[in-house]
Protein chains: 6
Amino acid sequence: MKRIDERAADELRRVKITPDFMPNAAGSCFIEWGNTRVLVSASVKEGVPSFLAESGRGWLTAEYAMLPGSTGTRKARERGKADSRSIEIQRLIGRSLRSVLDLEALNGFTITIDCDVVQADGGTRTASITGGFVALGLAVKRLIREGRLEKNPIKTYLAAVSAGIVEGRALLDLCYVEDSSAEADMNFVGDEQGGIAEIQICGEKRTIRDEEFAALLGYCKKGVGELIRKQKEILENA
Amino acid sequence: MKRIDERAADELRRVKITPDFMPNAAGSCFIEWGNTRVLVSASVKEGVPSFLAESGRGWLTAEYAMLPGSTGTRKARERGKADSRSIEIQRLIGRSLRSVLDLEALNGFTITIDCDVVQADGGTRTASITGGFVALGLAVKRLIREGRLEKNPIKTYLAAVSAGIVEGRALLDLCYVEDSSAEADMNFVGDEQGGIAEIQICGEKRTIRDEEFAALLGYCKKGVGELIRKQKEILENA
Amino acid sequence: MKRIDERAADELRRVKITPDFMPNAAGSCFIEWGNTRVLVSASVKEGVPSFLAESGRGWLTAEYAMLPGSTGTRKARERGKADSRSIEIQRLIGRSLRSVLDLEALNGFTITIDCDVVQADGGTRTASITGGFVALGLAVKRLIREGRLEKNPIKTYLAAVSAGIVEGRALLDLCYVEDSSAEADMNFVGDEQGGIAEIQICGEKRTIRDEEFAALLGYCKKGVGELIRKQKEILENA
Amino acid sequence: MKRIDERAADELRRVKITPDFMPNAAGSCFIEWGNTRVLVSASVKEGVPSFLAESGRGWLTAEYAMLPGSTGTRKARERGKADSRSIEIQRLIGRSLRSVLDLEALNGFTITIDCDVVQADGGTRTASITGGFVALGLAVKRLIREGRLEKNPIKTYLAAVSAGIVEGRALLDLCYVEDSSAEADMNFVGDEQGGIAEIQICGEKRTIRDEEFAALLGYCKKGVGELIRKQKEILENA
Amino acid sequence: MKRIDERAADELRRVKITPDFMPNAAGSCFIEWGNTRVLVSASVKEGVPSFLAESGRGWLTAEYAMLPGSTGTRKARERGKADSRSIEIQRLIGRSLRSVLDLEALNGFTITIDCDVVQADGGTRTASITGGFVALGLAVKRLIREGRLEKNPIKTYLAAVSAGIVEGRALLDLCYVEDSSAEADMNFVGDEQGGIAEIQICGEKRTIRDEEFAALLGYCKKGVGELIRKQKEILENA
Amino acid sequence: MKRIDERAADELRRVKITPDFMPNAAGSCFIEWGNTRVLVSASVKEGVPSFLAESGRGWLTAEYAMLPGSTGTRKARERGKADSRSIEIQRLIGRSLRSVLDLEALNGFTITIDCDVVQADGGTRTASITGGFVALGLAVKRLIREGRLEKNPIKTYLAAVSAGIVEGRALLDLCYVEDSSAEADMNFVGDEQGGIAEIQICGEKRTIRDEEFAALLGYCKKGVGELIRKQKEILENA
């Protein structure tokens, strides 16, 4: 049985990251991941949310949205009414990126990661986290270069990838067609040392067995390793 | 090192489920889980959401909220403004319960699970899922009894529990004080056969290692087994 | 002609008030009034609304909502859209309780009374006021015990009850079935000395005559007297 | 002790009602009541709200707002956020006018009474009800003239007036300055036969005694009689 | 070919401006322009919006709404949902009036112009600007009289008028019937010296030619001249 | 005096239009106009808004937003609260494009033009209209190719450009720095035959004189001619 686009079971789609796509933002990139494409920017402002006042810590938050033209059927803008899927995804993005940040080293700043999907073909949340880490890294480099930050608050590299069970078989990095027929899927966020930042397994059609879980986890760790190599190429040359 | 309330590392808090607490709803219960207490009801209405029209399937959705007096500092009502944490939790509740439902057997009905936290002391989302399953079971029994459903759409029992790493040590079912100092925590939703419906690992302070993950998973599976025994006592006698 | 539940025309339903049902709040009770059941809490915060800044006065406000499972047909949550009936009721609750408060003695504090209906069978607003007074009394006792208030700001006891004209006959404390067929109804809020805090007569089907009004008023004053006796039992022993 | 504007205790301010002030509406008037001035219109549309579908009944509803320039300090428009005082008032207006309507004779129509305060000097809600009855009467006349209604659905005349206790003394029709220092006030809605449609007593500063209530009620009945005479002059000549 | 109301092509409808119609506002007028009638008030408050803090400048803003009874089919109030046509119009009103204001001379004040349409028959936005200038002028006179402003911040008179192409023919000041069949229309805002503050040409049905544009512009300048004469009569005598 | 980027007074910035940038939409382009960059898509759905039901006409509407990272200071998303500037701009985009559409030939379809600003440097609304015309043209070509439309509903080419008075001098196509110091500016929308679809002159700082207006109009017509040549290259080759 072949995958729809001929990839091996543990093979990522082609990923290309263009840094500094939105020059008005502190850091930004355009991440193309197969046919999924996301614009990501990191904006920095001085001051922290009120619940962190006097805490000696900075903050990072994220917002996620799909552009109306990013899907075959136009996606209505979230004006007036929150889209609960977007809220769930942007909370995941923010929490994941905070897990590798030393918030005390970011004292006095709030960074907002904005992820706007230009084209959706599965994996928009993992593309957002992986691209969001690059935008964050570029913004931090700029803050250090401008003398506004003394110390790099990023503790380790971080990337995200999905995997799923399709017709009983574990597959890495599902595209939309695969995702639609998946029995269960998993989003994995991991760091450079193999640490787990977040796992979301979701068996909407059925629950999954332990050995299936082990296979998905192995694929995801491999995928995260490859993505971190791509992030390093960009950030070490920025 | 003792736990704050003297429990063993793999010991649940006391759980008590009172069925039919809200007699106007199709099914309901009041779940007391240590000091966490949640009112859960299942309401049934005829008709399905528009995206399921003509699909031959029913639907289940969930809503979650904290009563203003449930926490030490009054929790503002979500009037006018969605609370993104609540949205994330209610999506988890709905998705988890749908994973054990045969939606075709529920054709023509929408069930809404409402979870209102009366007192919060950690684990409100797992109490909501575990109690939500009981309210769902009671509502389904009533639908069958009234001849509105022919076949039981529930495929297996389902319960949820949390676990976390506190001071480097894996602990089952964190209360609020433990949760506040946890390095990472995990919410687990599982079924009667040991299947995994959903895992959410969240390492907000740091990422976690594989062996930590294995310990948390083991504790959670044990906890879910005990909770399902409690659910059975109620539903088999209803 | 008998009442649906065999009560005399001037007889209250059974009322039971459980104090401290929500221990995280400053004061709270669970009031069961026939089949109507309401969770009430009183939360205290330091600071007053901006329109009272520098006035030397404190404030009390109220919020009211029905839990979705409290009625036979699920009551949608008020997310995004205000429910005008709830707004009218919560303004009545706040205004009534403020009429027996010395706001200057409460200087620097805002108390919020939250009333969440668990089960609705007529009289939810009067149950909210009567239970709200108990929650308020418990919260004030706590503030005095903790040395945060010097003087009791409550000037007198206060309770509320409804009455109505059903098939031409005056009846005290209508349950839902009676209320549905009432020609006119009246909500009465009164104090321990027989003073009137608020009367709302509402003749939606027809206007009412003076002698009908006199009968309703007499019944209500009797009912309020009985309710205040119940409140005293709890607050004098708290 | 004289009233601020020299009136006797039981004397209304000057009331002038100009019919058909907004010719695009089915019925309308401009009511000037002392310095309080309100624009009132009645709009008619075919169809009834969904909760009355197939009921054989029509409906009447009301909306109330203050123009931003109607008060000394600009009143913000209710865009985005409901003003709870306005909601309470417009529910009172609608309920009062429905109490004299035979809704079955209005089958198939919804009438909306819009009350927009141009200048506020106390008594805006009673001016709205009194003027609203005139706009309603003019709209009904038009519907009958155009052959859209067969039978007059208005059962009796209806008007509203306020009274209050100021420095211990009962006074009819409080202007803003009197209202600000009132110990308690009452809004009364009554019909031509002396029937009571609605009484709202509100003792925000203190509760009131039975004999005070009797005095206020007597004044209000007198005032309503005078207002109905003014309404008749207009409607019998329209 | 005659106009529907017999006017010449370059003839304004009858315009009547009643000053001080809402005495609680700092400045106000009721402008009747043919059958279009608009209530306009100017409210003054101390303080400026945050984007002007420390700028040494004051501000003027505008709001526009149609009363529900102002049109044949009831216009729903903008509660909860912004009406995009109203937003576009109120931005035009504010921008136009600011073009003749020396904002530095208004330092420390924000003026809000509220325009509420009582009856709509075409040209509500130009009536709002023309009447808004009068309300502004009256408010400024009051501020100077009260010693709160030293210098008149109004640099020149300003008025607005519309024109359009109907059946190929240029016409000044379209009423609703003419406007409905116009091929293109133009709103013009001009000052006393013939300067152009704002032109909005809108060819929704087709684009327009240069010579048509020239004709419309000529008519509008003539109309503005006449309107400014009316404004002067009022403001010079106030 | 030189322009900040050395352009002649009547010289456009470099404009590059990449068609089909969002392949999931019916038509789309990425328009780069100096440093201003906008993503534009045209989505098609069957059905028309309710106000056009049974009219034999189709519809076109537009939405406009700025991505948060498009400006130096992060632009908050319009969630919950409409941004009035965006509303004004998107109404202009929709109205302009409809002026060259035969809506009867579009019967049964609604086209939505979405304009999302990736980078803002002046002229985002004119870039949106000019790019919107290309996205619309591509979508119409697709509808015809797929046999869903019989006849091209586009009557003529349409483009938009701005001009302004800077230090007393007329300049075409202002970039952000020029726009910030402009005394007045004008947005012009024109067609291939020299017809005027819309002119918006805005003299916020002062009113402008007739000869200034003539100069701006001449420059804009020249600019529109050049832009239409670029649109033709793309659409004739698509």
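Counting begins at 1 with the first residue displayed.
Cβ coordinates come from backbone N, Cα and C, glycine included.
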Matching residue for the phosphate site, where TrEMBL names C:Gly123, C:Thr124, C:Arg125 - out of C:Arg77, C:Arg85, C:Arg98, C:Arg169: C:Arg85
Binding-site residues: C:Arg85, C:Arg125 - member with fewest neighbouring CB atoms within 10 Å: C:Arg85
Local confidence of the domain 'Exoribonuclease phosphorolytic' (C:157-215) - pLDDT mean: 88
Additional residues surrounding phosphate, by Cβ distance to the C:Arg85, C:Gly123, C:Thr124, C:Arg125 centre under 8 Å: C:Tyr64, C:Ile89, C:Val117, C:Ala120, C:Gly122, C:Thr126, C:Ala127, C:Ser128
Among C:Gly123, C:Thr124, the most crowded of the binding-site residues [Cβ within 10 Å]: C:Gly123
Where the record names C:Arg85, C:Gly123, C:Thr124, C:Arg125 as binding phosphate, the maximum Cα to Cα distance in Å: 14
The domain 'Exoribonuclease phosphorolytic' (C:157-215), counted residue by residue under DSSP: helix, strand, coil: 11 helix, 31 strand, 17 coil
